[in-house]
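Colleague: For SER472, the entry in Swiss-Prot reads active site, proton acceptor, with the evidence type sequence analysis. According to Swiss-Prot, the feature Mg(2+) binding site maps to ASP80, ASP122, LYS123, GLU446. The [2Fe-2S] cluster binding site annotation in Swiss-Prot covers CYS121, CYS194. For LYS123, the entry in Swiss-Prot reads N6-carboxylysine.
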Amino acid sequence: MRSDMIKKGDHQAPARSLLHATGALKSPTDMNKPFVAICNSYIDIVPGHVHLRELADIAKEAIREAGAIPFEFNTIGVDDGIAMGHIGMRYSLPSREIIADAAETVINAHWFDGVFYIPNCDKITPGMILAAMRTNVPAIFCSGGPMKAGLSAHGKALTLSSMFEAVGAFKEGSISKEEFLDMEQNACPTCGSCAGMFTANSMNCLMEVLGLALPYNGTALAVSDQRREMIRQAAFKLVENIKNDLKPRDIVTREAIDDAFALDMAMGGSTNTVLHTLAIANEAGIDYDLERINAIAKRTPYLSKIAPSSSYSMHDVHEAGGVPAIINELMKKDGTLHPDRITVTGKTLRENNEGKEIKNFDVIHPLDAPYDAQGGLSILFGNIAPKGAVIKVGGVDPSIKTFTGKAICFNSHDEAVEAIDNRTVRAGHVVVIRYEGPKGGPGMPEMLAPTSSIVGRGLGKDVALITDGRFSGATRGIAVGHISPEAASGGPIALIEDGDEITIDLTNRTLNVNQPEDVLARRRESLTPFKAKVKTGYLARYTALVTSANTGGVMQVPENLI
């Protein structure tokens with residue numbers, strides 16, 4: 001066993017003495033059993049994580065029943081909804097790297113035989129997956145689960161995106177103070193990840209198709225008995241996989257990454273999944289070309305439109321058959337998925353999901369009646385984004401295939417929000433928000449406030465927004481993010497000026513500023529070099545090492561320093 005490194009031999013008597021002091025070893029034979037880490041992310045200020053202490057206790061009990069010894073440790077977590085709209089958002093994406101580094105440190109320092117990961121919200125899930133790829137120790141994931149959807153006094157279904165859009169609607173005067181307060185009190189009624197197809201739930205669903213989690217991981221409610229039983233079953237399966245030496249890199253292959261993007265397309269997932277899945281591929285040693293994503297989009301139908309793109313919540317999807325029903329439907333179209341690859345269950349993706357039929361065709365559409373013949377995400381290329389940009393086409397009004405407008409440029413999120421709120425931004429504008437990428441932000445902050453304000457003011461079909469920052473999974477409208485290279489790295493988005501005509505072509509997947517190359521070249525000559533906004537602490541180190549979004553926004557040590 002891997003853990004023999006810390007518990008076998010006379011020279012490890014001091015280590016064994018310390019292990020006895022933990023109280024985790026209940027009998028003389030326990031030292032001969034596998035040591036299993038429980039990588040938890042319990043934290044009081046994140047509603048998606050307040051219940052994870054209870055889930056970890058269930059996992060510990062089940063791991064002991066299965067014949068192994070559990071040891072729990074915790075990682076940090078950032079709630080994107082609470083960190084939104086201020087400098088706290090600078091820490092959200094960078095927290096992913098801290099989580100990965102922290103888990104790697106504990107797992108490798110103590111030579112665990114396996115790891116039970118309990119994530120739930122936005123950056124915690126991908127951070128833990130990065131750690132699993134990096135350490136490549138037998139592992140299983142079981143998330144905390146989504147919260148129930150809220151319900152307003154008027155019987156309207158609510159999610160967190162409803163609340164962000166309500167801010168713009170209230171400022172516009174289209175809802176009353178009483179309606180506003182009612183929504184605030186009822187949008188998030190239970191613990192769990194936010195109820196729509198936002199980043200947290202997108203990633204938790206993707207773990208099913210990647211093969212790292214059990215079926216229904218992405219949709220079973222946080223407060224359900226099914227979630228607690230899933231924790232138990234995952235614990236038993238992990239101990240079995242330790243014995244069989246089934247490792248994360250055996251499961252997460254190039255084909256698994258393809259299938260993750262296919263599910264994302266079918267469910268209209270968050271644009272952040274592109275960023276995180278590219279980072280996962282990088283950590284797994286898989287060279288993954290962005291162009292593959294468009295090829296996957298072309299062959300994958302859009303089957304389930306979930307909040308913020310509709311009123312359906314994750315619970316509605318669960319009741320309609322969950323991710324297994326969507327996977328089963330996609331498997332009926334040859335060439336869409338790679339169903340014969342191994343998963344954490346020890347069975348193939350096909351064996352896990354075959355025969356799981358759709359129970360509600362309003363929530364999950366069949367292959368012969370999709371929302372769209374092509375997937376809900378697109379990668380755009382052009383002279384603004386030579387290395388790519390991302391748009392959630394599933395969140396754009398279906399009548400819009402191209403949008404051309406006049407640029408109105410801002411060098412920060414806050415400047416843009418102020419201009420939208422004071423009505424400087426008008427119909428026909430393309431809002432350009434730059435110097436908000438991984439280096440520029442720093443931390444690639446989410447642009448939910450400006451996009452929600454645009455939609456809340458009734459301009460969702462008349463104003464576009466492009467940025468080298470990113471979006472919340474709750475974002476909808478004509479919103480293009482992850483523009484690469486970012487402005488802070490000298491990307492062409494830095495060259496756009498007010499009044500430039502910009503065309504977003506969803507059909508041809510292009511993003512261009514309609515200016516001659518010689519004009520852009522002259523502008524580049526006078527471009528002021530970017531200076532880091534943060535000079536000390538973690539964000540200063542992050543700024544120095546982080547890459548643009550097209551490579552997943554990962555931290556890389558320059559080759560000349562290795």
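Glycine residues also receive a Cβ, built from the backbone N, Cα and C atoms like all the rest.
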Colleague: List every residue in the same chain as CYS194 ([2Fe-2S] cluster binding site), at least 6 positions away in sequence, whose Cβ is under 8 Å from its Cβ.
Modeller: GLY48, GLY81, PRO146, MET147, THR159, LEU160, SER161, CYS188, ALA200, ASN201, ALA474
Colleague: Please list residues from the chain of GLU446 (Mg(2+) binding site) whose Cβ is under 8 angstroms from its Cβ, counting only those at least six apart in sequence.
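Modeller: Correct list: ASP80, MET84, MET89, SER92, GLY469, ARG470, PHE471, SER472, THR475.
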Colleague: So which other residues, same chain and not among ASP80, ASP122, LYS123, GLU446, have a Cβ within 8 Å of the centroid of the Cβ atoms at the Mg(2+) site?
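Modeller: Near the Mg(2+) site, the remaining chain residues are VAL78, ASP79, ALA83, MET89, SER92, LEU93, CYS121, THR199, ASN272, SER472.
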Colleague: Counting Cβ neighbours within 10 Å across all chains shown, tell me which of the binding-site residues ASP80, ASP122 comes out on top.
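Modeller: Highest number of other Cβ atoms within 10 Å: ASP122.
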Colleague: Using Cβ atoms only, which residues of the same chain lie under 8 Å from CYS121 ([2Fe-2S] cluster binding site) while being at least 6 residues apart in sequence?
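Modeller: When sequence neighbours closer than 6 are ignored, CYS121 ([2Fe-2S] cluster binding site) has SER41, VAL46, GLY48, HIS49, GLY77, ASP79, ASP80, GLY144, SER193, ALA200 within Cβ distance under 8 Å.
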Colleague: Which residues in the same chain, at least 6 apart in sequence, have a Cβ under 8 Å from the Cβ of LYS123 (Mg(2+) binding site)?
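Modeller: The list for LYS123 (Mg(2+) binding site) reads GLY77, VAL78, ASP80, SER92, LEU93, SER95, ARG96, ILE99, given in order along the sequence.
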Colleague: What three-state class does DSSP give GLU446 (Mg(2+) binding site)?
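Modeller: Going by the DSSP assignment, GLU446 (Mg(2+) binding site) falls within a strand, counted as strand.
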